[in-house]
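Chemist: Structure in structure tokens, see below.
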Amino acid sequence: MAVKTRKQNVKDQPPQPNVDDRDRSPFVSPGTGKSRRAGKGTPFNSLLQNRNGLFPGFSFIRSKLGLTPSAFVKLGITLISLKPICCFCRYHLSRLFENDRHFSHLSGLEKEMAFRTEMGLYYSYFKTIIEAPTFLNGLYLVMNDRLTEYPLVINTLKRFNLYPEVVLASWYRIYTDIMEFFGLPTKMCWSINRGEGMAPVDGCEGMGDPAYFYVTFVFLLNGLMMSLFFIYGTYLSGSRLGGMVTVLCFFFNHGESTRVMWTPPLRESFSYPFLVLQMLLLTHILRTRNPSRKTMWALGISNLCFMLPWQFAQFVLLTQVASLFALYILGYISPTKIQSLLVTHMITLAVCFVLMFGNSMLLTSFYASSLVSIWGIIALRDKFAEAFKPGLITWVMQGLVWVVSTVILKFMLSAIFGASDDAHISSLIKSKFTSYKDFDTMMYTCAAEFDFMEIETPLRYIKTLLLPINMLVVAVIAGRTIQDVVRFLREGEKYSLVYHSLQLIAFAVLAMLIMRLKLFLTPHMCIMASLICSKQLFGWIGEKFKLHMMVFGILSIMAIQGAANLQAQWGIMGEFSNLPQEQLLDWIKDNTQPNAVFAGAMPTMASVKLSAGRPIVNHPHYEDAGLRERTKLVYAMYSRKSAELVKRNLMQMEVDYFVLEDSWCTRRSRPGCSMPEIWDVEDPQNTGKVPLCTLMSRDSRPHFATVFHNNVYKVLKVPKAAKELR
């Protein structure tokens, strides 16, 4: 265990955020039955009803919200519940992160190394902006970046969805400038004795430390998301107990619900909380006969905040639009309302396209094509009514036209814009259902998170009763749908349950195909679990007391495995250390020129750019077609090709140093998934030869010169004579 000695005095504690009241109450569902009367001897309600009482402001706010006194009290209780939920979730995430890495005892370099792969790449742009002379200068550097794909100059704000880093960097600069102006300390630094003959390092805690500032806001945002889950569950079920069920289910299944505590800088950490808000607003719109313009604006803004930080958001929104279209086909949502929703999505997409500097992946996505296709089908609804009799045939034909037109339009737009960045997605889906393989798809499918969902995941859902509860809820909704479509589901608030069931099915399909996407499925299952408190679905159990007793009984059973899951998470204790990479980065900073160009494994290149500040030719953001081709040329070092050919490729990319890792040559996640085996699919004519990386590990001469090595890394330098040939 590292020992720390106080080096610098204490910082101020950051102020706790306040949770603002909403414009309207999302806690009283329309038409959900009688409101509770204010009993005798309830002075708070009496004061609320009296405009001239001790708190006349309450009456003004209540009248603006359009609430009864009883509903206003319920709203107040709900809002008061949000802060402890938010604070506990934030504390829970930060403690797990600290326990896993012992983050408070790490030096600045070690903290950066702890952000591996994509995380390090994203964090490097935050570092660039805060270290620039001015904010605008930092913004210019990330929009005219020469380090990430040398020698290309790219707009990383367009390519990598870096708006979170831009916002956080601006806040960091403002915070440090204000604190410096008032002469207030912002961090506490320590001298860390690492033992084992290793030199002591300085480690800092506090909001003045860039890494601490960064992860603190990530955990705060996800703490606020937990408050949203409580609101969401409360609104959907019509009961605050339903909100607590959602929150408890999330914590009981925390390891399946999120990975933000292990990977704070990933895009989903910033993006997903806004999807929760967006779906809550969508639920409100579906339950409202004539949603206000403000509500639609709020939906559009939350939609935009979901899309901007994450390139994958378009695929999630595709499932949402498909679910809404299914509601329209079945007659549960009017053409006017779905057209309003489509317009909101289209405007959001257009604004996102502009803010992303014309990123073609947005306009050539299945999501964009689907919006246009659905709009066209709704516009031609009279033609469908004339051609087909109302009923199953009309439903099937509309669905068929949507699928076919969406696919055709998508590929037409891709051809027009010349975009192929998302071609690997189609290949990845194709590989799931056929024997198709290529280099790019195997780079994904050999990673466990992109494989099919493991059987252990649903078993874990069963142990916490999350899966049985969801199956029960969906079965009840399906039964009600079949039994009483017109009377029951066409009431404003009811068909939102059908939407949630369809969305759950869509998320389940995504998660089964790609295990990583269970981060959408598990939280949505937690939201759906709130419906066991719904009087509309389970009122047949009896009076409110009986329903609540049933819920408490279920929660008690869930808590057995749920508590064990939490104990297992709290029991994870680690201490980050990566001495071989630290030696590598120190050598690079001390022994190479600032403009020396590096190539190697994608995760390591992110660290080289972040911590050494050297230009790299490939990186972990694998979604760009050009980057995939560059990475393929670099990874030829792990193929069975000739050294001469690989050297020529590196020379053409103007590489000065190649970082060779033996583990990439021998590591095998499962049969057929070592790098040489992946290359055998792409390069069958060289199958059976000794991999080039093995030969280079033994002796890199005469093609390369070994200039650094330890037990993990070996740095190969392109010979001087070869450099002159460029």
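Just so you know, glycine gets a Cβ as well, placed from its N, Cα and C.
Pasting the feature list from TrEMBL:
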type	residues	note
REGION	1-44	region 'Disordered'
TRANSMEM	211-235	transmembrane segment
TRANSMEM	270-287	transmembrane segment
TRANSMEM	308-332	transmembrane segment
TRANSMEM	338-357	transmembrane segment
TRANSMEM	392-413	transmembrane segment
TRANSMEM	465-483	transmembrane segment
TRANSMEM	495-514	transmembrane segment
TRANSMEM	547-566	transmembrane segment
Chemist: Output the single range from 270-287, 392-413, 495-514, 547-566 maximising the number of Cβ pairs under 8 Å to the transmembrane segment (465-483).
Modeler: 495-514
Chemist: Could you give the residue numbers and ranges of same-chain residues that sit at least 6 residues beyond the transmembrane segment (495-514) on either side and whose C-beta is under 8 angstroms from one of its C-beta atoms?
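Modeler: Residues 236, 279, 282-283, 286-287, 315, 319-320, 322-324, 326-327, 330, 332-333, 428-429, 432, 449-453, 457, 470, 474, 477-478, 481, 489, 520-521, 524-525, 527-528, 531, 536-537.
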Chemist: If I count Cβ-Cβ pairs under 8 A between the transmembrane segment (392-413) and each of 211-235, 308-332, 338-357, 547-566, which range comes out on top?
Modeler: 308-332
Chemist: Is the transmembrane segment (547-566) packed against any residues at least 6 beyond its ends, judged by a Cβ distance under 8 Å, and which are they?
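Modeler: Long-range Cβ neighbours of the transmembrane segment (547-566): 241, 245, 248-249, 251-255, 460, 463-466, 469, 532-533, 535, 538-539, 541.
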